[in-house]
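Chemist: Okay, these came from Swiss-Prot:
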BINDING   ARG78, ARG103, ASP130, PRO131, MET132, LEU133, ALA134, THR135, GLY136, GLY137, SER138, ASP199  5-phospho-alpha-D-ribose 1-diphosphate binding site
BINDING   ILE193, GLY198, ASP199, ALA200  uracil binding site
Amino acid sequence: MKVIEVKHPLIQHKIGLMREADISTKRFREIAREVGSLLTYEATKNLELETVKIQGWNGEVEVQQIKGKKATVVPILRAGLGMMDGVLEHMPSAKISVVGIYRDEKTLEPVPYFQKLVSNIDERLAIVVDPMLATGGSMISTIDLIKKAGCTRIVVLVLVAAPEGLKALEAAHPDLEVYTASIDDHLDEQGYIVPGLGDAGDKIFGTK
């Protein structure tokens, strides 16, 4: 599995702001979108292009466009919605697939409860977004669902990742590319990332 920790100064600055204990819902939500946008830029740099002819202002001209079907964005509910618009800023025609998974607070195991994938996901690049990769359970379950639907091109965008989650994800799906702003230190006894961002879902939706 290829893991890219994006060290761009803008991303590192913004992640630092998100770690503040008293950050407002508005600010946290804004930065989650911004970092999602910046990670998308990095994660799509190797998309295949093709030459097409269009009608320009003074006649026919050859231009470069992304080849084949465009991507589908796959936010993991609910926190993944906070990064979705950042992806769509760069790929506004991308289709949206949704997967709902919550983590059982006692067992820390993922519990799927909803999925709605685009019908031709097997022809698209799936960009899976979730702010936190902690134990990796929710992400693994999501990738399982996407692959079962026939998708073979998958990249993962997370704001912060724990080493334990990355290890588990690699064991389950070694063919992935993962882009993150930070690989943090460890998980605590409750399965939260340290230093982490706190509960990203609560902070994005104002339910903290």
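Using N, Cα and C of the backbone, Cβ positions are placed for all residues, glycine too.
Neighbours and distances for these, please.
Modeler: Neighbour density for MET132 (5-phospho-alpha-D-ribose 1-diphosphate binding site): within 10 A of its CB lie 26 other CB atoms from the protein chains shown.
Under the DSSP three-state reduction, ALA200 (uracil binding site) is assigned to helix. Long-range C-beta contacts of ALA200 (uracil binding site), restricted to its own chain and to partners at least six residues apart, with a cutoff below 8 Å, comprise PHE28, ALA32, ALA79, GLY82, PRO131, MET132, LEU159.
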Chemist: For the recorded uracil site, whose residues are ILE193, GLY198, ASP199, ALA200, find every other residue on that chain with a C-beta no more than 8 angstroms from the centre of their C-beta atoms, and list them by sequence position.
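Modeler: Going along the sequence, the neighbours appear as PRO131, MET132, VAL160, TYR192, GLY196, LEU197, GLY201, ASP202, LYS203.
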Chemist: At the Cα level, what's the spacing in Å between GLY136 (5-phospho-alpha-D-ribose 1-diphosphate binding site) and GLY198 (uracil binding site), rounded?
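Modeler: Between the alpha carbons of GLY136 (5-phospho-alpha-D-ribose 1-diphosphate binding site) and GLY198 (uracil binding site) there are 16 Å.
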Chemist: Which Cβ among the binding-site residues (GLY136, GLY198) has the fewest C-beta neighbours inside 10 Å?
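Modeler: Among the binding-site residues GLY136, GLY198, the sparsest Cβ neighbourhood within 10 Å belongs to GLY198.
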Chemist: Tell me whether GLY136 (5-phospho-alpha-D-ribose 1-diphosphate binding site) sits in a helix, a strand or coil according to DSSP.
Modeler: coil
Chemist: Of these binding-site residues, ASP130, ASP199, which scores lowest on Cβ atoms within 10 Å?
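Modeler: Across ASP130, ASP199, these binding-site residues, the one with fewest Cβ atoms within 10 Å is ASP199.
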